[in-house]
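J.: Could you have a look at this structure, given as structure tokens, before my questions?
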């Protein structure tokens, strides 16, 4: 028979599945779009500490991977898949609306907080409920004689998953960090609103196929409850002394005669496979930190690559891209080549994958040590940083006012000095009169400048935060003796576009936020606003706008010239140095996560599919629970040490796994073994998403 063309095959598809494809693309965009920027939102808008933001981020993921159990029960026993998707998607939209409203800065914080966290809970609950239903409902639309079409459909289904997540990871950070709204450098209302609109579109697309869908009634059967019943019966009898009265070969055999021997054997096989899922818990604990601790690290990296700039959340896009590239390479070339040299088994692949995941965190730890060298740490408790700028006048007899204690040799040098918070007195050398400076608020940085005027000395000071700028910006403070509200300072790029402006007043500042494509070399102009408006201003100086840096523009009162003083060092470690850890953890995902699920299906009884899926989802839940307990509580205060701890923990877990794997006996091919069709394989992996929209190839091992 002549092979049908792709177009002919597409015409043979049930029309309803095309609505499901659009629905899946939009839903994945909405979920990943929101989740990609969530961690930075918690830090910047709610001003949570990194550990608290990590705790909430992983709590959200925990809920999203625990609620699928509720969704599957409702679909199988109460409503059916169609109604669960319909109701869940409607609630999903409400969650996005709540989160988008909570991002509006005009609202009071209690209102914003209530909207945000109720929205996050609703989204986590809704996405979890529909998670076990969408791909299965799409498969329901095909008849039994359309298995080849169904298998091909899941390739398109994967494209929808990967396309939605990939575009979301790239686009929503741009909406957050490169669009300004409501007077803020970030535009979270837009960044959350666009995924909300996509979820609404997903619901509309789903409704458009209403009349075409095959809606199967709920099966009313829950295998999971039967498994629990078998285990409970066995344990109850063992506690009651049944093992002494009637010896058995396996403790689960105590469940007879209340349960059939087939169910007991299936449960035994399930528990044997369960040990394989143990390393997956720790894998997810490491893997899901790409959205939290690795983003935190990326915020302190230099995102400029030539004239392009990469936002911290966007580097995560390398994961789905690498998966799409690596999986066919491994299936088509790597595994066949290795089979010529050695035996390639699923357990061996999983062991290598786990060790690679551990290695990726070791690399992250080394990178963090390099990042630490560029970090700015706040002053010690009860102390301040005093940054003196300018050379107009020497400062002498610098003393602590309360006890007259001389600081050092009494000469305050140019640059940064760490001091006790308090009030200080000093002489300028121009007149024999004492000056005073109040720097009594602890744990801050202060800028101090002494200007020599005609017959007087002007002392200027202002405070600043001792931390790197957010959003990749370069901040330039102004310090001057000639404060003038009618004179403006402009930051202008090479194209003549005004990037930012402020009044000529000490403590005011301009922020230079890099665009998607931008030149780091900008110029600062200043002059009277009634006679100049940018490049035509008479005074100018060149600035190299490095990400994360904070400068002071010291404007001389007599010459109107300016010079820069560095307050906070720039992000000098390139974000490209994080690529190795992302590529290696993706290799670990391909070898451990994808292989693990396929292996579990090949070793368990056919009636255990739904229970295996539930167990798979629970490994993601448990992994994020570990993140909450360790990273979310700041159990290890230093980020680099924390990365090394996770790496060591994964090595230990994989060591135990390897010892167990050496004793494992594979289930031989027989009639009771699950036959994994490509559509089923993709169906289940699509259900769990492998957190990045992982696709598998069309080859089966």
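Cβ atoms are placed via backbone N, Cα and C, with glycine included.
These came from Swiss-Prot, pasted as-is:
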TRANSMEM  29-49  transmembrane segment
TRANSMEM  55-75  transmembrane segment
TRANSMEM  91-111  transmembrane segment
TRANSMEM  119-139  transmembrane segment
TRANSMEM  154-174  transmembrane segment
TRANSMEM  188-208  transmembrane segment
TRANSMEM  269-289  transmembrane segment
TRANSMEM  318-338  transmembrane segment
TRANSMEM  351-371  transmembrane segment
CARBOHYD  391  N-linked glycosylation site
CARBOHYD  432  N-linked glycosylation site
TRANSMEM  575-595  transmembrane segment
TRANSMEM  611-631  transmembrane segment
TRANSMEM  641-661  transmembrane segment
J.: So what's near the transmembrane segment (611-631) in sequence-distant terms, Cβ-Cβ under 8 Å and 6+ beyond its ends?
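T.: Same-chain contacts beyond the ends: 51, 54-55, 58-59, 61-62, 65-66, 68-69, 72, 131-132, 223-224, 227, 270, 273-274, 277, 280-289, 292-293, 597, 600-601, 604, 642, 645-646, 684, 687-688, 691.
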J.: In the same chain, who gets a Cβ under 8 Å from the transmembrane segment (55-75) while lying at least 6 residues past its ends?
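T.: Non-local partners: 35, 38-39, 42, 48, 81, 84, 88, 120-121, 123-125, 127-133, 218, 222, 288, 291-292, 610, 613-614, 617-618, 620-621, 624-625, 627-628, 631-633, 687.
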J.: Counting Cβ pairs under 8 Å that sit 6 or more residues apart, are there three or more between the transmembrane segment (188-208) and the transmembrane segment (91-111)?
T.: yes
J.: Take the C-beta pairs under 8 A between the transmembrane segment (269-289) and each of 29-49, 91-111, 119-139, 641-661. Which stretch has the highest count?
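T.: Selected stretch: 641-661, with the most Cβ pairs under 8 Å.
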J.: With pairs fewer than 6 apart in sequence excluded, do the transmembrane segment (575-595) and the transmembrane segment (318-338) have three or more C-beta pairs that lie under 8 Å?
T.: yes
J.: Looking only at residues six or more beyond either end of the transmembrane segment (641-661), which have a C-beta under 8 A from one in the stretch?
T.: 275, 278-279, 282-283, 285-286, 289, 293, 347-348, 350-351, 354-355, 357-359, 361-362, 364-365, 368, 630-631
